[in-house]
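Student: Got a structure for you, written out below as structure tokens; questions coming shortly.
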Amino acid sequence: ICQYSLDIDRWNLECEFNNTDHRTDLNGIDRLIVRRGQPFSISLYLRSGSYQPGVSSLDFVAETGPQPSEQYGTRASFGLSASIDTSCWSAAVTSPPGDMVALSICSAPDAPIGRYTLTLGHSARIEFILLFNPWCPGDAVYMDNKENLAEYVLAQDGIIFRGAYKHPIPTPWNFGQFESGILDVCLRILDMNPKYLKNPGKDCSGRRNPIYVSRVLSAMVNCNDDKGVLLGKWTGDYEGGVSPMLWRGSVEILRNWDTQACQPVRYGQCWVFAAVACSVSRALGIPCRLVTNYLSAHDTNSNLVIERYVNENGELVQSKEMIWNYHCWVENWMTRPDLKPDFNGWQAYDPTPQEKSEGVYCCGPTPVRAIKEGELTFKYDAPFVFAEVNADVITFMKKKDGSTSKVSSNALVGQKISTKSVGSDAREDITHLYKYPEGSAEEREAFKKADHQNKLLQQQQNQGLHLNIKVTSDMRKGCDFDVFAVVTNNTQSEKKCRLLFGSCALSYNGFMGGNCGFKDLLNVELSPGGERKVPLRLNYSKYGGQITEDNLIRLAALLLDYTTGDTTLAVRNVVLDNPEIKVRVTSSESDHNFWPVSEQILGEPKENRKLNCCFSIEGANLTGGGIITERLGPVGPGEDAKVKIYFTPTHSGLRKLVVDFDSNKLCHVKGYRNVIIGK
């Protein structure tokens, strides 16, 4: 039978239908954005003739990248089939014979993601964007739980846990992966990575693989080796940029990088790096969540040991190996065909520049299961992540004569590993995914695999003299308060000791600042079984000028047993609460849809003083990816500051959030929302 090629006059990409069906409509419906391994529909209108089954033919060529090739998988040629085959590039006609042809087209579930051109016959050429598809069973990022998909792919807002492991503090974040233009920025990040610039054909081919894409993102979210997104800064002022503490979302960061010719945005710290990586992963279609590891070890020499030093006053000496008060990274969901089947699922990767991997500041992805099992030979960077949650801490005292001696201490690493719960703002503890219960046979087996000899040989805690630090529940910035060193004598004899109890300011990543209070007791006597509780007063007049925006103070107590010469160290980090500022949202409607409303205190917060406030309001697909801010005058104790917020419809069908800080102007507006910020 002689076949005739269809004579195409025009076409309709059915963007609204396709984007909605592929769950990309929040990116907009003005262009075609689809997910791989899932059919999409286009309508063809013929210039002459009509479609006849078995007689009409149409050839297709799908191409991505500047050097498309079938060898690299960046070019695919196919024709019309009787039906769609979702395992490869295919096309089929779904309409009856006539001059309008409804086509169903499907990409391969392992096709490289990115910008595509699709040539139909000799005259038609369309463009579209192809993303990962976690709803497709054939895709490496497939996730079969509807609630998890809503959280880890579609949710544009989330919670980042900061603070301290005994006092986790939730921080809201606007990921904004569907905001206007953000997908284009994410694709530009891929195109600016050094591997693409060196060999674009090979790099575009690698984009079929979420392992490869995650590793690229790990390097590109920081700017240490490339034209990456963020410049990190952990010390000093933030002149020439924005303090990491002030970012509330990823959208402004990504847009700034894009509009400033890919110059790095200043400045980021770990939670900002991780949040931006989460936004990009979700935008590209990879399920992603942000994780916080409290008391996170930074092992610089890969021996799974953090060597910590104190001077003879018990003051910690700064070193390259540190225990961060917390550290954030991200997990992407995918299969690992390069490893054993048991290691599919969550893969940890870290965009914060800490140590080089294969010559580049990146880390991961490595299976979370591999960390738990001690499988440190698995790609990528498993030893570094294993150390973050499992490293042993050995403390030495540096004496004035240059000698050192070992100090007994009970330091914790890898506590309360946390992420936002699915469908709620509650904290989900996922420590059990990274490590077995302490002291269990499974933990010991994991340490054997990891050759973690220090943990295997670790002696039980000294049962003679026991030292720990206790604090009160009410430690507010701006107030004076007591902390306590508690010494217990578990021996049958009297003990005479020296106790040094000090404090210093601390940044969340372990850098220590100035002294906040110190006490040296030369003669602490303890009867058998006795206990001594020694207070240390921390006065705001002293610590207020030392602490950073992290509100952290490190407490350290050093106990010297005169009888045996043994020394024992106890360390605890405390986070101070800011004076309470209540935020409540009331609505004139019944559906109670809430959005993040945050306030920034201008100046030092103190109780029972007037405050200058700055309202910052940001909402996904409501504020255009920007932040609405307004400074208000002094608000006294117990007084209210009020702001009215209302919605206006836009041409795209979405609602735009509009704020006016003069409530008298909005009395005539229907459907406004009233936001009252308490004292």
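Every residue gets a Cβ built from N, Cα and C, even glycine.
Pasting the relevant annotations from TrEMBL:
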- CYS270: active site (ACT_SITE)
- HIS327: active site (ACT_SITE)
- ASP350: active site (ACT_SITE)
- ASN390, ASP392, GLU438, GLU443: Ca(2+) binding site (BINDING)
- 262-353: domain 'Transglutaminase-like' (DOMAIN)
Student: In this predicted model, what is the average pLDDT of the domain 'Transglutaminase-like' (262-353)?
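Tutor: Computed over the domain 'Transglutaminase-like' (262-353), the mean pLDDT is 93 on the 0 to 100 scale.
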Student: Which one is it: of the recorded positions CYS270, ASP350, ASN390, whose Cα lies the shortest distance from the Cα of HIS327 (active site)?
Tutor: CYS270
Student: In the domain 'Transglutaminase-like' (262-353), how many residues does DSSP assign to helix, to strand and to coil?
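Tutor: DSSP classes over the domain 'Transglutaminase-like' (262-353) add up to 18 helix, 41 strand, 33 coil.
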Student: Would you please pick out, from the recorded positions ASP350, ASP392, GLU443, the one with the fewest other Cβ atoms within 10 Å of its Cβ?
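Tutor: Selected from the recorded positions ASP350, ASP392, GLU443 on minimum Cβ neighbours within 10 Å: GLU443.
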Student: Specify the nearest of the recorded positions ASP350, ASN390, ASP392, GLU438 to CYS270 (active site), where nearness means the distance between Cα atoms.
Tutor: ASP350
Student: Can you grab the distance from ASP350 (active site) over to ASP392 (Ca(2+) binding site)? Cα atoms, rounded to a whole Å.
Tutor: 21
Student: Which number gives the other C-beta atoms within 10 angstroms of the C-beta of ASN390 (Ca(2+) binding site), all protein chains shown included?
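Tutor: For ASN390 (Ca(2+) binding site), the count of other Cβ atoms within 10 Å is 23.
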